[in-house]
Amino acid sequence: MAPKVTSELLRQLRQAMRNSEYVAEPIQAYIIPSGDAHQSEYIAPCDCRRAFVSGFDGSAGTAIITEEHAAMWTDGRYFLQAAKQMDNNWTLMKMGLKDTPTQEDWLVSVLPEGSRVGVDPLIIPTDYWKKMAKVLRSAGHHLVPVKENLVDKIWTDRPERPCKPLLTLGLDYTGISWKEKVADLRLKMAERSIAWFVVTALDEIAWLFNLRGSDVEHNPVFFSYAIVGLETIMLFIDGDRVDAPGVKQHLLLDLGLEAEYRIQVLPYKSILSELKALCADLSPREKVWVSDKASYAVSEAIPKDHRCCMPYTPICIAKAVKNSAESDGMRRAHIKDAVALCELFNWLEQEVPKGGVTEISAADKAEEFRRQQADFVDLSFPTISSTGPNGAIIHYAPVPETNRTLSLDEVYLIDSGAQYKDGTTDVTRTMHFGTPTAYEKECFTYVLKGHIAVSAAVFPTGTKGHLLDSFARSALWDSGLDYLHGTGHGVGSFLNVHEGPCGISYKTFSDEPLEAGMIVTDEPGYYEDGAFGIRIENVVLVVPAKTKYNFNNRGSLTFEPLTLVPIQTKMIDVNALTDKECDWLNSYHQTCRDVVGKELQSQGRQEALEWLIRETEPVSRQH
């Protein structure tokens, strides 16, 4: 696939950086982050500014353009993809490698003295702004807000912002009403003497009001802001979508509710003016809560003396701890998902030897089987369907130019998931339809040992996710191997497939302790550039663990796998497993057989059931 030609776009952007219509004084550098005004990871087409300018469309990356340079920072998931998608105008900055400068240090090294660095304040997170501004200031430069987004000025066919209908969720799915959620939030606000809370993250707003949307592909969210006071609720949302009868009834808009639960509906774009007006009337002691990941524009609308920033909002933390209705829904969703994947893998085993299955047709088939399941809404992210060398591109998405045919000679990796009304799934399986090489089996077995080490871990209550990351890497490290991504991320309940504040990563940002009810992924991998990729991913639920003793009465936790899809034993060097690891695998496969087998039977999917039974035969080491 040829990289995007960007010379003319960069020329126009540099011209805009000097245009007095957009900037009071010329700027010498312009920063283009990945996100939108809500700092979302996955964004609508109208917000894909970095991809438009550079050609690189991965979910994480920051572009910086100066008069002479164009540089792109991204992480290890996207090194190969970014290198292929960008032309030679761009320098790829590989984050996490010791020779790669930070964005701030690079700017200081290339900018002329006293430079002005511009950025759209609605898109830049507050914590990023503070860090960048401090370094630039100490080097004699200035970070300046540019209120007109310069990319929008040169993007002549920029798509419209979506404004799609809303979906209401009942108590069967949510377990708790939106009024109760607001009441719980207000209790937390009162504990901290907070008068107002500004909600900017789209998944937090969707969760708070038990609403879902489809404004962002694969993410059931809708463009909005919310402000919650101790006696007031404001929802900033465009279109007439709250006027739909079901939504009106759900939000109780027609009822003469007591004032504290009456929702004022306001235009989406009025958030800054309304927030400034609200802050103008604050008494000296009143505080306004906002995430430090909210945009700089939103934070700056709140006077410093009244602003109370936090890394994780109370909604973010409450949303991460699933209640019993949400946990049960996630279990149901994963059983349905397993049925679809059993169908897929049975189909692949029959069709791949015939030579007509491609990465794209396999991904399409996975979606076809998922669509047959009850309450299917959408995929949860674009399917990563990759064979042979494409598997080494961690977040690869097949397109016609790169679409390989699955064969009996290559490792196949599929990372896929779905949004069902009762839950969100994310699962990766790696398989071989012929005979894997000894080296492929060796690497797969190291990854499996890491996967089991995390899944079977028992750890004290209060443990933070980053402390478990080395469990997943230990077998790889022993052989001098590793992978350049985190081991796990939080998963929403019919919400975003990636959510905070919990995760399992070598980066210590996974700083919220794991607690019962949180749902994360367990997904170690290994990638051999130009050859193959291996990843084994389950979604797991944090649950209390039964232990012989209970030190200091603190309790212990472990994981319950929600994903119930067989792990291909053909890829395993069984003799390299310990007895304990064999026991874990056999127990896991027995659960897959019992739980998913029952559902396959009830849906009359006999061939897939036979495949499941074959794939869950016990394994044993040769002693």
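Quick reminder: no glycine exception, Cβ is built from N, Cα and C everywhere.
Annotated peptide binding site per Swiss-Prot: R77, H395, H489, H498, E523, in sequence order. Counted within 10 Å of its Cβ, the other Cβ atoms near H489 (peptide binding site) come to 24, all protein chains included.
In sequence order, the list of same-chain residues 6 or more apart from K304 (N6-acetyllysine) whose Cβ falls under 8 Å from its Cβ is empty. DSSP gives K304 (N6-acetyllysine) a helix state. Feature annotation from Swiss-Prot assigns N6-acetyllysine to K304.
For the recorded site, D426 (Mn(2+) 1 binding site), the DSSP three-state label reads coil. Residues or ranges marked as Mn(2+) 1 binding site in Swiss-Prot (evidence: similarity to another entry): D415, D426, E537.
Spatially close to D426 (Mn(2+) 1 binding site) yet at least six residues away along the chain are S380, F381, D415, S416, G417, V491, V497, T521, E537, V539, judged by Cβ distances under 8 angstroms. Per Swiss-Prot, Mn(2+) 2 binding site is recorded for D426, H489, E523, E537, and the stated evidence type is similarity to another entry.
Those residues of the chain, other than R77, H395, H489, H498, E523, with a C-beta within 8 angstroms of the mean position of the peptide site C-beta atoms are I394, H485, G486, T521.
Residues I384, S416, G417, V427, T428, T521, E523, R535, V539 surround the recorded Mn(2+) 1 site, their Cβ atoms falling within 8 Å of the Cβ centroid of D415, D426, E537, which are themselves excluded.
Long-range neighbours of E523 (peptide binding site) (same chain, six or more residues apart, CB within less than 8 Å of its CB): T428, H451, T487, G488, R535, I536, E537, N538. Within 10 Å of the Cβ of D415 (Mn(2+) 1 binding site) there are 24 other Cβ atoms, across all protein chains. Of all Cβ atoms in the protein chains displayed, 19 besides its own lie within 10 Å of the Cβ of H395 (peptide binding site). Contacts of R77 (peptide binding site) defined by a Cβ separation under 8 A and a same-chain sequence distance of 6+ are given as G58, A60, I394, H395, L484, H485, in order along the sequence.
Of the chain residues outside the Mn(2+) 2 site list D426, H489, E523, E537, D415, V427, T428, G488, V491, T521, D522, N538, V539 have their Cβ within 8 Å of the site's Cβ mean position.
Cβ neighbours within 10 Å of H498 (peptide binding site), excluding its own Cβ and spanning all shown chains: 21.
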